[in-house]
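Since the structure comes first, as structure tokens, the remarks are kept for the end.
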């Protein structure tokens, strides 16, 4: 994962610069999608170098998956930067940009839920009796997702017009904006920090959610699908509702702060939630979904406010902010995993500890145990949310220039 995140991080800056120089958002999006499809199918298709070299050593397997993860993330970087940059080049209207961002976030939730639907169908029509059967089930899930994704990419590329950089108020918008222009802006660093922390909140919590509900709360196997599904559904609903509002800089700050504060309380609840109250996790999932949508939509919209009418540098901004996002998430998960233990310490009946819970007739487990998974899902997102809210309060987000919606920047 770390190798993929590092490749993604550096690729976002490089691709963002190329998009600003040469444009052609759809070409970059399409090329990135091809890389994603090929590398993703290779990951789930097994260790290709192992078959070529007729060996299955751990070192070869690790190198193989690292390479394909890096290729996957380079493709994803091209797709993500191109898609995010298009939002700024379709319209200059601030409310319209937030609507596009919230719509983008809403359909991300639809894609996540669709994956669960595909998995449900595959697990229903086939039974895994051996390890090979289980691998085949996940291959079918992966290949089905790739096929459906490619269909929607085809629809997007064939039915969406290429945005172009129109004449701005300052002159020819095709003139490149130097990197130094952004680095001299205090708002750039504030937005970059908020965006990075927001992605840390969402990505790190998502990475540890399934482990938390199964290993820490010891909920049923269905919970690792149901809890994320509740989060995605709530995020989808909130993202749709956010489209119906007129947006200003102050309103962006207010809604982002509300989502951040909500995540702080959710993180505290996750951190102290005992196993005998595990059902309360379904309630927390509702608020986590709401907080995720509020922070993601408004956080990305702050990025759009930063870009404003400086469209010739929009891909560079998206790329550099994504670089911080990928690097920080990769390092955070790597560090957390280096301290992760397989399970809490199990003691026999003769052991002495202050707080114990009976697992079976012969063993006990400490309820005062706090795993790295619990820290990753509860403490880290809560701290990141708190810091990001503090940074948001110091921002000076001026209401962007509003271009009439009847004049979209389309060819």
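Even glycines carry a Cβ here, placed using N, Cα and C.
Here TrEMBL flags 27-50 (among others) as transmembrane segment.
According to TrEMBL, the transmembrane segment annotation covers 62-86 (among others). Cβ atoms under 8 Å from those of the transmembrane segment (62-86) belong to residues 1, 3-8, 11-12, 15-16, 19, 25-26, 28-29, 31-36, 38-40, 42-43, 47-50, 104, 163, 300, 303, 314-315, 318-319, 322, 326 of the same chain, restricted to positions at least 6 beyond its ends.
What TrEMBL lists as transmembrane segment is 106-128 (among others). Nonlocal intrachain contacts for the transmembrane segment (106-128), taken as residues 6+ away from its ends with a CB within less than 8 angstroms of a stretch CB, comprise 134, 136-137, 140-141, 144-145, 148-149, 225, 228-229, 232-233, 235-236, 239-240.
Residues or ranges marked as transmembrane segment by TrEMBL: 140-157 (among others). When Cβ-Cβ distances below 8 Å are used as the criterion, the transmembrane segment (140-157) is approached by residues 26, 29-30, 33, 36-37, 40-41, 43-44, 111, 114-115, 118-119, 122, 126 of the same chain, each at least six residues removed from its ends.
Summarising the annotation, TrEMBL assigns transmembrane segment to 186-213 (among others). Taking Cβ pairs closer than 8 Å, the transmembrane segment (186-213) reaches residues 219, 223-224, 227-228, 231, 256, 263, 270, 278, 281, 288, 292, 295-296, 299-300, 302-303, 305-306, 317, 320-321, 324-325, 328-329, 332-333, 336, 373-374, 376-377, 380-381, 384-385, 387-388, 391-392, 394-397 in its own chain, all 6 or more past its ends.
The transmembrane segment annotation in TrEMBL covers 225-242 (among others).
Taking Cβ pairs closer than 8 Å, the transmembrane segment (254-273) reaches residues 194, 201, 212, 217, 242, 280-281, 284, 287-288, 290-295, 297-299, 302, 370, 374-375, 377-379, 381-383, 385-386, 388-389, 392-393 in its own chain, all 6 or more past its ends. Residues annotated as transmembrane segment in TrEMBL: 254-273 (among others).
The transmembrane segment annotation in TrEMBL covers 280-302 (among others). Here the transmembrane segment (280-302) has long-range neighbours at 84, 97-98, 101-102, 105, 191, 194-195, 198, 201-202, 205, 213, 217, 219, 223, 226-228, 230-236, 238-239, 242, 247, 252-253, 255-256, 258-260, 262-263, 265-266, 269-270, 273, 385, 388, 392, 395, 397, meaning same-chain residues at least 6 beyond its ends whose C-beta is under 8 angstroms from one of its own.
The feature transmembrane segment is assigned by TrEMBL to 375-395 (among others).
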Contact set, same chain, for the transmembrane segment (27-50): CB under 8 Å, 6 or more residues outside the stretch: 15, 18-19, 56, 60-61, 63-65, 68-69, 71-72, 74-83, 135, 138-139, 142-143, 146, 149-150, 153, 156-157
